[in-house]
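**Student:** I'd like to ask you about the structure that follows.
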Amino acid sequence: FPPAVFPLSCVVQNYSWGKVGLESEVAKLVASGDPLVQIQPDQPYAELWMGAHPRGDALIRDNRIPQKTLGQWIADNPACLGAKVKDAFQGHLPFLFKVLSVNTALSIQAHPNKELAAKLHAQFPEHYPDANHKPEMAIALTRFEGMCGFRPVEEIVSFLQNVPELRALIGEVAAEQLERSGSDDPRGVSAALRVCFTRLMKSEKKFFVDQLNMLVKRISQEAAEGKDTSGSNGDLLLRLHSQHPGDIGCFTIYFLNLVRLEPGEAMFLGANEPHAYLHGDCVEIMACSDNTVRAGLTPKFIDVLTLCEMLNYTPAPSSSKIFPAAQSQLDPHVYLYDPPVPDFTLMRIEIPASIKLYLISAMDSASILLVIQGTAVGTSTAAASEMSLHRGSVLFISANESISLHLSSPDGMLLFRACCLL
């Protein structure tokens, strides 16, 4: 039999928003995973793609396997996905697993649901490359900041009253409509919020640039005088404006929640949820798609109309955006992040130093294992030989295969395992 468990060499994406050189968790993982890789000190290392996506198909690091990439191997051995996964996702790996190292803010974006994705792909294939939805989940590796979902209305109203430049862009009628909308009428609140946000995003470029410059000038002066600028979200405004000067996205901080994750905490981004990652390192798992509708903090193609039409305008506090991990009933070392979509589940595996032998159990799904810390030798009846595992190692594990880890590190191990639990 060909080996069904094997190491991968994964694709790095050098997007400009990434952390630079060895500041980047992506670069550190790549450097420890393969000592021959040279990390360029002035190059951004933004994303590590672990999967079979055509724009970043992982290479197989096992010369006994004739196929060069994971995508080719799965196409030739679709049973490796597991019977249910293979049937449900037409012989494709349903998820893409990533590490992100974010230095400057990513664009304000949302991902379409399946119905909208199919429509956008049919109409504008050059901007929407496939017909799939793209729910995603981020789990912090270091302290991580992002914006996600609409803030509670009272917070937005407070900004409308404290930030005259924002109110000018939205206009008095829309602002008053939101101020008057009552919590007893959630549909009315969502409608008022949609009007306000759409008016902001569609405001005339010259007008919003003038208002933004006035706002930045005012906040900078107040900060220089030692005044508290939190009523205008001053710190974040100045930071985003320094990264994306003159960008409408700077104003979205008054509408979207600021979510701060500690390592191990997660946020789940369902379809139509507005979000933007701001800073930090995370692992991310998503449906295998590249569909993104953008509307600010970016030089890329922006589609304001589609974004404003599709968004979920339900206000909620930022605490509600933190997605809980559940300790596995079967194994106390496993924490499950199991979102309300079928495409993916992520496991965080924390093995204490006292354990010297640990079994990565078999499941009815292909999975990808990433080592964040610790060292071990892995053995499997499905692997050609024993595998040395250390920080940055990435393994593909076919469905129904297990791996015994013989741990050799004094501080235990931290692993993430991406899979599909149908």
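Cβ coordinates come from backbone N, Cα and C, glycine included.
Remember, TrEMBL labels are computer predictions, not curated facts.
TrEMBL feature annotations, pasted as is:
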ACT_SITE  R294  active site
BINDING   Q109, H111, E136, H275  Zn(2+) binding site
DOMAIN    5-153  domain 'Phosphomannose isomerase type I catalytic'
DOMAIN    169-256  domain 'Phosphomannose isomerase type I helical insertion'
DOMAIN    336-376  domain 'Phosphomannose isomerase type I C-terminal'
**Student:** Please compute the mean pLDDT of the model over the domain 'Phosphomannose isomerase type I helical insertion' (169-256).
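**Tutor:** A mean pLDDT of 97 is what the model gives the domain 'Phosphomannose isomerase type I helical insertion' (169-256).
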**Student:** Excluding the flanking five residues on each side, which residues at least 6 beyond the ends of the domain 'Phosphomannose isomerase type I C-terminal' (336-376) place their CB within less than 8 Å of a CB in that stretch?
**Tutor:** 8, 29, 50-51, 74, 80-85, 88-89, 93-95, 97, 99, 135, 137, 139, 141, 264, 266, 268, 270, 283, 285-288, 323, 325-328, 330, 388-422
**Student:** Which residues, same chain and not among Q109, H111, E136, H275, have a CB within 8 angstroms of the centroid of the CB atoms at the recorded Zn(2+) site?
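**Tutor:** Other same-chain residues with Cβ inside the cutoff are A110, K134, L269, E273, T292.
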**Student:** Counting across all protein chains shown, how many other Cβ atoms sit within 10 Å of the Cβ of H275 (Zn(2+) binding site)?
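**Tutor:** Here the count is 23.
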**Student:** Using Cβ-Cβ distances, find the residues under 8 Å from E136 (Zn(2+) binding site) that belong to the same chain and are at least 6 apart in sequence, listing them in sequence order.
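**Tutor:** In sequence order, H111, F268, L269, E284, I285, M286, A287 meet the Cβ cut-off.
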**Student:** Rank the recorded positions H111, R294 by the number of other Cβ atoms within 10 Å of each Cβ, and give the residue at the low end.
**Tutor:** R294
**Student:** How many whole Å apart are the CA atoms of R294 (active site) and Q109 (Zn(2+) binding site)?
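**Tutor:** Cα of R294 (active site) to Cα of Q109 (Zn(2+) binding site) measures 4 Å after rounding.
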**Student:** For Q109 (Zn(2+) binding site), what residues in its own chain, 6 or more apart in sequence, show a Cβ-Cβ distance under 8 Å?
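**Tutor:** Set apart from Q109 (Zn(2+) binding site) by at least 6 residues yet with Cβ under 8 Å, we have P274, H275, A276, T292, V293, R294, A295, L307.
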**Student:** Would you list the DSSP helix, strand and coil counts for the residues of the domain 'Phosphomannose isomerase type I catalytic' (5-153)?
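**Tutor:** So the domain 'Phosphomannose isomerase type I catalytic' (5-153) is made up of 40 helix, 42 strand, 67 coil.
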